[in-house]
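Noted in TrEMBL for the protein shown:
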- 226-250: transmembrane segment (TRANSMEM)
- 262-281: transmembrane segment (TRANSMEM)
- 301-322: transmembrane segment (TRANSMEM)
- 334-351: transmembrane segment (TRANSMEM)
- 357-373: transmembrane segment (TRANSMEM)
- 380-397: transmembrane segment (TRANSMEM)
- 417-437: transmembrane segment (TRANSMEM)
- 449-472: transmembrane segment (TRANSMEM)
Amino acid sequence: MSRSVGLIALCFLLILPRMHADGSPSWREFGPSDGKALVVAWRADAGAETERIIDALSEELSRTVLASRVCLAPLASNSLTFRGDSREEIGYSLKSLAAISEAGPIQAVVYIEAGNDDNISAECGAGGLTSPRWLLEKVLALENPQVRLAETRMSLYRLKWVPGDPVLANLLNDGYSAILLRGGEGLASALKRLAVDDSKQDMNGYDRHYLLFQRTNGLAVISEGVIVFAAITAAGFVLFSVFFLGFLFGKSRDQRLKDFRRFWWLPLVYLFVNILCLTAGRLAVQLLLSFRFAHSAAWTLLPQFALLAKLALALFLVDLIFSLNQLIRFPSDGFIYGYFASLACGVNIFLFSATDFSLTFYFLAFYLVVYIASHNSHPATSFAAAILLVAPVIPWARELLKNDWRTISPLFTGTDLWDVKISFYLIPIQFLVSRLLHSAGRFGMKNKLYIPLNAVLMSIPALASAFMLLYVPAWSADRPVHVLIRQRIGKEGSNLTLEAPAVPEGLSPAMDPDARTSSLPEDPEALLPYTLANRRFLERNINTLAISPRIFAERLIIEVRSAEGVSVFSASENFILADAGKTARFGIDTPDGKGATIEFTSEAGVPLEISITALTTKNPWGIIVEHPAITSSYMLEVERIVVANAADQTGEAE
């Protein structure tokens, strides 16, 4: 009898999901105890709707025989991460995923969020990366309910023009094959089908440079292999056409070779002028906004207008400079302009495929358009080709302009060689326009100088953009400006500052009694108690510093300074030496807010000065700014200076 009861109990325990904990909220495991795992992850603070989806999925998985591991893992809030001394972003700990991988590799992570309806939407990119193709295809194959993609233009994710979900970005940047699914109650059954399908078939492959195209019956996927084949084929054709087809056929081949030898430098001039004018446009925008707001980073208040103004001013300057073509005698045959346009398009294939390999297909299409136009002398073909080169980029630019200044920053500031890339993109269009003007008799040497019509037309958006930068409101209730309230508490007392490129006049921080959570004084000795113990060992002091802040300290920065010699020889935490070793700097994240203890060795008999700085975004005194066009965050820095001698000491507040 007892043996039967034991067997029944054992079977019952095998059916139950295994629960694990790693200091984070516990995660559940179904199926075998080792091997590859499919992980369903969610934010631990996501709310009741997400928990209901997870409970329903857990119940379904407990009744299903699985051939491979399936784990349900909540991602605990890691509070805030810091870069140096500054607040960066809210993060979520991936400790539970690291613990799951100890029993076997993680095959895929499906990160979920609760949606407003039963339809399931998928996001397969974030942070400049995209989900692997096999995972996307598995998700798109789900039915009842069917999964739809939030964005099908994969290159927008890879260019970071669509930033995507920050948690998904962390997962992809950490090397996980991950995707985000957002839905209602039907999400649990869809995830269960995905888990069973994963059990039946090993999923692998690392194609992340695929393209998606909408068809009447669904999405068509162009794989990385197809793009590679097309790029290699196109490279051969481009080289063949550049060095063979361009000149060796036709009655004018000798004259065209002479024209090429005379004007080979023209594309380089276009490139140089474009880069110069883009730089000048950016500087002009920064000058106008600095004049208005008296801040060098004021462009971040109007990032969309700033980028458009930079491009408008740059194109106006380009047209103005190229109006000097009236001083140069150019060839009478317009073929050379089309040839240079196709040559520039050929270069763009390789330049932009290095930026994102999936862009190869688009620039192959651009090359084909320009190649056809360059071999047709009718002016309409040049005009149509220029339009075809601009039109596909407009929807992408619209997506870019929906984002904040962080996404727009590389294109405005020119980092990551974006001024060079924009210049190369413009060159084929400019040569097609030059060819069109040449056919109309408006390009080349003239007896009398004049201002071309295209320069006059470009002056209109340039002046309009400058006017907008000076007079468009920089903030409103619909477009609030973000202000960081930074409070510093040290031996000089408490100091409050508002950090933003510009703030409404008369704005100042105030204390909200209802939001106050602490009655502690604004005194570093009261906020940062410590104990410091040291003992002599040969020619070294072994120091133990324990910090017990009375505020929720999310990061501790400790600097140990020595008047002579090296300040710290070794320590229990990582540190950086500066000032010829006289200063040692520790940066310790404390997500639980309870402080830290470090041990370090120093030279015996040498006094040390220790600076302890606690950083937190908690707001113990309820300091706020009130304005309908302002959003704010808070940063508290508390610094305490300790002079260490040979004796043990305690830094408790009196």
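Every residue, even glycine, has its Cβ placed from backbone N, Cα and C.
Listed by sequence, the residues of this chain that lie at least six past the ends of the transmembrane segment (301-322) yet keep a Cβ under 8 A from its Cβ atoms are 273-274, 277-278, 280-282, 284-285, 288-289, 293, 401, 404-405, 408-409, 411-412, 422, 426, 430, 434, 452, 454-455, 458-459, 461-462, 464-466, 468-469, 472, 474-475, 481, 501-502.
Here the transmembrane segment (357-373) has long-range neighbours at 154-155, 158, 209-211, 222, 224, 227, 230-231, 234, 238, 241, 338, 341-342, 345-346, 348-349, 381-382, 384-385, 388-389, 392, 428, 432, meaning same-chain residues at least 6 beyond its ends whose C-beta is under 8 angstroms from one of its own. For the transmembrane segment (262-281), same-chain residues at least 6 beyond its ends with a Cβ under 8 Å from one of its own Cβ atoms are 309-315, 317-318, 321-322, 330-331, 336, 340, 343-344, 414, 419-420, 422-424, 426-427, 430-431. When Cβ-Cβ distances below 8 Å are used as the criterion, the transmembrane segment (417-437) is approached by residues 267, 270-271, 274-275, 278-279, 311, 318, 322, 325, 334, 337-338, 340-342, 344-345, 347-348, 351-352, 355, 366, 370, 373, 379, 382-383, 385-386, 389-390, 410-411, 443, 452, 454 of the same chain, each at least six residues removed from its ends.
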